[in-house]
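J.: Mind looking over this structure? Questions follow.
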């Protein structure tokens with residue numbers, strides 16, 4: 001006869017749970033990994049679709065603006081500039097959400113994702129209405145709406161203050177992963193590795209969709225992923241979870 005598990009053993013989190021959750025942050029790491037995947041997907045669409053513009057990675061847009069100012073061939077001021085300005089607008093909208101819901105991380109993420117999803121539905125509608133190939137004006141509109149959505153996401157994720165998953169910036173994630181390995185903190189290092197892989201796989205899938213089926217197909221998938229994240233955030237917010245009022249950045 002096999003020995004029965006004790007109560008402590010039966011309630012102990014699984015190893016997989018340790019990688020995807022956190023005592024102070026609950027399911028937020030898993031939800032943010034979904035958003036990291038969507039970030040890779042979205043940036044692949046914006047780079048390969050509207051062309052040489054990041055919707056999520058503003059560092060890249062600043063570099064592209066520098067290239068355009070130097071008159072490097074193939075780079076335009078318009079796309080990166082529109083994305084940068086609209087990202088700042090989105091970050092400001094995120095700031096408004098933080099001022100209202102910042103003490104309740106569950107509500108903050110759920111409501112921000114609802115707005116972000118609505119914006120991507122608008123961007124998808126623009127793409128469907130414009131047809132193929134996308135006119136310049138429609139490309140800029142899609143970039144503007146998408147950048148507002150990602151500005152909101154970045155502001156909210158900063159407030160959530162989950163240390164291992166930022167959803168957009170991987171440089172510090174990779175740096176932290178190296179430090180974690182040196183400290184032999186395998187759980188945190190693995191969580192950060194999952195963030196890198198999520199963005200990598202998202203970018204690959206986004207590229208495959210755009211190159212084979214077009215921008216609209218990629219946007220449909222991105223919208224579905226955001227809908228999944230919003231449903232997950234809504235379910236996670238039920239029952240006043242302990243992590244909802246955890247420590248966050250101001």
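Using the three backbone atoms N, Cα and C, a Cβ is placed for every residue, glycine included.
Automatic prediction, not curation, is the source of TrEMBL annotations.
So TrEMBL has the following annotated:
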TRANSMEM  28-47  transmembrane segment
TRANSMEM  54-72  transmembrane segment
TRANSMEM  78-99  transmembrane segment
TRANSMEM  111-130  transmembrane segment
TRANSMEM  136-157  transmembrane segment
TRANSMEM  193-211  transmembrane segment
TRANSMEM  217-237  transmembrane segment
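Could you tell me the structural context for the features on the list?
T.: Residues 93-94, 97, 101, 138, 141-142, 145-146, 148-150, 152-153, 156, 215-216, 219-220, 222-223, 226-227, 229-230, 233 of the same chain sit 6 or more residues outside the transmembrane segment (111-130) yet have a Cβ under 8 Å from a Cβ within it.
Proximity of distant same-chain residues to the transmembrane segment (136-157), defined by a Cβ-Cβ separation under 8 Å and at least 6 residues beyond the stretch ends, is recorded for 32, 35, 39, 42, 46, 49-51, 53, 55-56, 78-79, 82-95, 97-98, 108-109, 112, 115-116, 119-120, 122-123, 126-127, 129-130, 165-168, 219.
Counting only same-chain residues 6+ beyond the ends of the transmembrane segment (217-237), those with a CB under 8 A from a CB of the stretch are 26-28, 30-31, 34-35, 37-38, 41-42, 44-45, 49, 106-107, 109-110, 113-114, 116-117, 120-121, 123-124, 127, 142, 205-206, 209-210, 244.
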